[in-house]
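Enquirer: Annotations for this protein, taken from TrEMBL, read as follows:
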REPEAT    77-114  repeat 'WD'
REPEAT    129-159  repeat 'WD'
REPEAT    231-253  repeat 'WD'
REPEAT    254-284  repeat 'WD'
REGION    349-381  region 'Disordered'
DOMAIN    398-493  domain 'PFU'
REGION    508-527  region 'Disordered'
COMPBIAS  513-524  compositional bias 'Polar residues'
REGION    534-554  region 'Disordered'
COMPBIAS  534-550  compositional bias 'Polar residues'
DOMAIN    556-867  domain 'PUL'
């Protein structure tokens, strides 16, 4: 081994589900998907266990057998709810002297972490960027400081001062890599095999040459040997390509990898490092591979260079490996020997497996067809055969009956296992099954990721191919059988807990009393403008950037809310079952109002639609709701809401509040359902004076009020729905506010009914927040009178909660949303400070600055300071 070859320095193991707030994924989901080393002897790793970890070399090796070489986890960054797949570093500035870490996730968000705060235990994000509609798989920071992201939604985005300033649309498949250039332009690489160059949101050049998905991009160092090349790329075709930026010419193709190449980076020496699906990291100099570093993992997902010349590799074996050329940082001899033994064991096991299967790489020779097969017509459209070509590679070919020829699909790798991923429409999946649905038709592709709910994946498959819902159980069972997953229908969030019927006491469904999972929103300063941001749970999927700094002219930096918030969490299957149970009762008590078989079938279809669309991680975006289905669904819900007895109506309102997230509840088309908002008020009996101030409110009254408020709040998820609520706001809010005042102030409320007061408050706070957003961002003329009305309602909702001494945590989200709404109104209408003084808001906020929920305390403090209250 020559002195300039890389040798093992450290192995970092830590991505397990031992962080209390992380879900307990199966072990194969703890792959290290991204690595970063912006500072000497400080590393960052991201994993499918939902965390980002910071590693620092804090001491010398503890012993000759210490594989970490003194590295230890010094911070764990939390906040993502799904796999973390990309990392970037925002360099230090005056406000953040150690810089910021950015992470992208399959939860569709980019989260920003303060490294100093995290080292001190504050490991929640200080800011979240939203806008992508699918996995954020690529991140970088451009030389000018812009953040650039790429996503499975086929777009890239440019962010400046925490706002999206450009959406780059043009690729037809996932954007796997992004790169910012010195002149302000941006490069994007995609599964559509293309690299594009952009100036703002305009594509100004396209680079073609790769024959498979392009996975990585990097600058070439100034001292790189290929002086005509400006940047490099890598792809699933097994090659690296060096490109001239100006003329788009591919200067050189580097071949050496035997499988997909997922990642590459430039070294300060002018060399390149690359890694991929062939268990290796390769070092390239002058167009030639000068070193191959074999690793004990099938997939090398990410490589990064450290300022001291070390090289970090993140792999599918849950580990990150550090390699160095510096002798003083070589791992102890015993550690390197153990590492070499592990490599030998893995290679021996692979060889034995291949021999047992009768062929190279796990492909059985008896499954190969002779080359002459390609000279004969196929037996049916879509037939796939595997043929070994002259270079020894096994290629898949598919017969296309329309063109009467074989089409080359691609290289066949070894059998898919725990460490292998497959591409479908440019995105990675653990499995892509071929499903024969109809005789004589080509098989359909069914993508699936381990840990995903099988019914969610099955419903997405049916929606994608316009297949009947009656296939749902059959497709779910197919996934269960072939992926070895548990066949469980979607359950309630929070662990499938049972619910108690609010009227019968049975262990069944009731409308959920609130979001089960605690909201982890934070208020923190914008690192560049000093602005704050509000992060609320269950933000409607069609919302664009949710927050922005206040610009009222008074110099404050309160996080005004600009996106609508929804309440989507629900056990849909349990709601549908409850309707069926009540319908059986109706068949006995009031047969004329019971649902028919056709209506029950419509109810089942509605349940499947809502399950797929409200799932936490759908395999693909849900299919649009057709006009015919919309009419069917709303007719059934309107029938239950208006024709069933008062105490039986609540499941219909629960389903209606979910449906409101995807379609407006008001229609002017002849023959349709008309005004479902009015029907909601009637169903909940909010449009009549029942003299509730003089009677004990029942659990049914509070349940119906809570659900009615949720229907109105969720209506803001669609533009037409938001406009409909706003146009009817006076009448609707009169009903809601009057009823709430009567119920909440009653001295005869029972203990059982009192348990519903807090979920009612949260629904009202969400509704008032959405009305505030509409007033401040969607209206052309100021309306100080209605701003005062909203401000008054918000203070009256929040103020009593500040005086409660028991269990303050149960009110934190209601307080949080109320405070953000108050600040949003103050930023737009500074004259409301006079109203705040009348209500004694200063005293109310003073009681909250020491609240046990950090986001409530910070928001209260910000209100006091930013608006001089």
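Just so you know, glycine gets a Cβ as well, placed from its N, Cα and C.
Map the listed features onto the structure and describe their local environment.
Expert: Counting same-chain residues at least six beyond the ends of the repeat 'WD' (129-159), those with a Cβ under 8 angstroms from any Cβ of the stretch are 82-83, 85-91, 102-106, 108-112, 165-169, 171-182, 184, 186, 188-190, 198, 200-201, 426-427, 539, 541, 543-546, 563, 621.
Note: the repeat 'WD' (231-253) comprises 0 helix, 14 strand, 9 coil (DSSP; helix = H, G, I, strand = E, B).
Among residues of the same chain six or more beyond the repeat 'WD' (254-284), those with a C-beta under 8 A of the stretch's C-beta atoms are 6, 212, 215-225, 232-236, 238-242, 290-305, 307, 309, 311, 313, 323, 346, 411, 413, 420.
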Enquirer: Using Cβ atoms and a strict cutoff of less than 8 Å, what residues sit near the repeat 'WD' (231-253) while being 6 or more residues removed from its termini?
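Expert: Apart from its flanks, the repeat 'WD' (231-253) reaches 177, 179, 181, 187, 189, 193, 195, 197, 205-207, 209-220, 259-264, 266, 272, 274, 276, 284, 287, 411, 423.
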Enquirer: Can you tell me how the residues of the repeat 'WD' (129-159) break down into helix, strand and coil by DSSP?
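Expert: For the repeat 'WD' (129-159), the helix, strand and coil counts are 0 helix, 17 strand, 14 coil.
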Enquirer: Work out, from DSSP, the number of helix, strand and coil residues along the repeat 'WD' (77-114).
Expert: 0 helix, 19 strand, 19 coil
Enquirer: Taking every residue in the domain 'PUL' (556-867), what is their average pLDDT?
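Expert: For the domain 'PUL' (556-867), the model's average pLDDT rounds to 82.
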